[in-house]
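J.: Let me give you the structure first, and then I'll get to my questions.
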Amino acid sequence: MWRQILIGDFRRSIPLSITLTLLIAVAATLVISGTAMTSQTFGAVSAMWNKAQPPDLMQMHAGPLDEQGIYDWAQSQSGIDDVQIIRTLPIPPDGLWLAGTSQSDSVLEPALVTPSEKFDFLLTETGQRVQPEPGEVILPVHYSAVGTADLGDEMLVAIAGEEKRLRVAGFARDMQMNPSMVTSKRLVVHPEDFEYFANKGLESEYLIEFMVADDASISTIQDAYTQAQLPAQGVAIDAAVLKLMNALTTLITAVLALCIALLLVCIAVLALRFAFITSIVNDIQHIGTLKAIGAPGRAIKRMYIMKYLVLSVIGTLIGAVAAVGLTRLAMKPVLLYLGKPSQSFTTVAPPIVAAFVVPLIVAAFCWLLLRRLDHVSPTEVLAGSGTERRTWRRQFRLGNSRMLPANIWLGLTAATEKSHALLVAVIAVATFLLVFPVSLLATFNNANFSTYLGIGKSDIRIDVRAGSGVDFSELSAEIQTDEDIAESVSLVTNRLQVLGSEGWENIVVERGDHSVFPLNYTSGVAPTTETEIAVSVNQAQELEAVVGQEIQITDGTDKRNVRVSGIYQDITNGGRTAKATFATDAPTLWQVMYVTVKPGVDIAAKTQALSEEFPFATITDVADYTRQTLGATTGQISIIVALSAGAALGLVFLMTVLFLILVFAQERGQISTLYMIGASRRTIIGQYLARFFTVGIIGIGIGVIVAAFGGTALLSSALGLVGAPGVQLLPNPVISYILLPALVLGVMVVATLIAAKKITPA
């Protein structure tokens, strides 16, 4: 008998059953996809870190090198487990062509290397160590991400009047130089090809790498290296900086995708709950009839749980199939940099478990909702009083309407019912998912974002490599006399030591006039005297320094006390930098000039003219520098933004349609009454348009407000880890606060009109 009742119930409510199955499928898709994305991301990060074995401490050096002296020193240090020295051959950008395109305008600093022997391995997409054959080159995956080169393309290197062509055989994942913000890039070639280039006069640079013992301090090893006066003509990087830089680029995309997936899952679960509440209410008469004829409550529960389990299993199977495609699409930009995770229990089990959880959630919802009816008599159930809910509608009376038509007034008052709170929440979250990612993308593309890269707001950047033989002061003088230049400043970066809580530690100090193009200071101001220094947020935290406090620094010969004049935001070099004006004899790491052009001067044309006049320098406009530095990150985020926008709009459309279908089923009697008293179909549709237009306005307003204020808090929290806790969201107001909300509202109107086709006389 119960089986016949169940089959009859399915036949009687085919549209509602299809609606619920579709909603369960959406929820299952999002739950399974969200858990799969989470497990795959963490699995890929863990696998890449374990296979690549990046160094705990790495010192760059340009110039002559006594390799044996470094090996002897490392053997004398009990805190060092292993050491290796990687020789690199930097390629001048104007001598490099990829896929037929010159890289002279690129801000990247490519260097040839051979495969590592001990650790710091560069990996293929599947996690294998790269091993190019003669005539082949393995490019950094960054070149693939930004579309510079593809598999099988040709790399041409012109040096010493000769040309050498290599075939692109793959793309490497580099734990040290993966992030797009790291301009140094390693191009892996066969040892035979490496020797060819070495014999053509390319100057060698070195990566001196150490694996530190578990019980040893990296800062202690670094301090000992400095005290031994070993080669250090370059920056030093530790594992913490590597993790932070990867977090800012590769992982920020993954985290954004995961947050979006989790929010979508929350929406789906809430929507599922509403669907079951409405469905049970729709079946209340049948439940009352069964109770009236003496059917046991347990049997009624079992029948309805079985019904919804069948629907949930079908929906989950559909959702699982859809989740496979969605996960692949969403994870593509993330796994491009991380590589594919190994198929282990920790990556495979979570989505499978999630697939089983969905039907259990459905059964739990059904059981909880049916339990509410245990203490309600059959008479109350049949009368509907057992499920009646108080609303706010009583506060409004039709007689109070003076300016609006009656049907519009009825629609507006209906919008205030508590039952619409769920749809308001769904629209608010969907609006947030649409507005925040788009605003985040606009922030990274905003010219003002360069101030968080340790760069003042200027037009053109001129880089001159240290040790290039160029007289930087003479170049600065020539730039200052250029009639097209309005302002310019020359900055030289040196590596000094600062006294911290654990002894002397390295600090990268940029010297020059920092008042010309100021950065974003969280407190204090730029240094103006030789007794002042400004430090980045992360550096200040490490030193436990505040504005006005004195710190001690040295260049290896002279020690001096300087006062902290300001603390600024900087996400470069792991967020650990400093600014000063004093002179020092410390070796130069790099030299840079920033200039602004006079009004009316075309920045692109001036950049090109300066590049031709000073071919030994890398000259880029700051907007292009920011684009290239963050280009891969913004490119990957744009894919996530597109997926998020599609999911948000699709969910708004689907939820509005489903909500209306279920509301029409619930208000079938009211609609029939309106027809009976002479209301036209157009009038009734107008009432529902007014109702859901109001619901949409409320939800969109909440979503926009949360995206504007909560989005800034989220971004500040994320970038605060790498040195920019005060970063502001920089959206395009027209797009984020006008066009996108209008798009959401338009989708709701279209969904309402489509669903309104179900409005017919009973």
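Every residue, even glycine, has its Cβ placed from backbone N, Cα and C.
TrEMBL lists these features:
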- 251-276: transmembrane segment (TRANSMEM)
- 259-370: domain 'ABC3 transporter permease C-terminal' (DOMAIN)
- 308-331: transmembrane segment (TRANSMEM)
- 351-370: transmembrane segment (TRANSMEM)
- 421-442: transmembrane segment (TRANSMEM)
- 637-665: transmembrane segment (TRANSMEM)
- 646-759: domain 'ABC3 transporter permease C-terminal' (DOMAIN)
- 688-714: transmembrane segment (TRANSMEM)
- 734-756: transmembrane segment (TRANSMEM)
J.: Which residues, given as numbers and ranges, are at least 6 beyond the ends of the transmembrane segment (688-714) yet have a Cβ under 8 Å from it?
T.: 407-408, 411-412, 414-415, 420, 423-432, 434-436, 439-440, 656, 660, 727-729, 731, 736-737, 741, 744-745, 748-749, 752-753, 756, 759
J.: For the transmembrane segment (421-442), which recorded stretch in the set 308-331, 351-370, 637-665 gives the largest number of Cβ pairs separated by under 8 Å?
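T.: The listed stretch sharing the most Cβ pairs with the transmembrane segment (421-442) is 637-665.
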J.: To what whole number does the mean pLDDT across the domain 'ABC3 transporter permease C-terminal' (259-370) round?
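T.: Computed over the domain 'ABC3 transporter permease C-terminal' (259-370), the mean pLDDT is 77 on the 0 to 100 scale.
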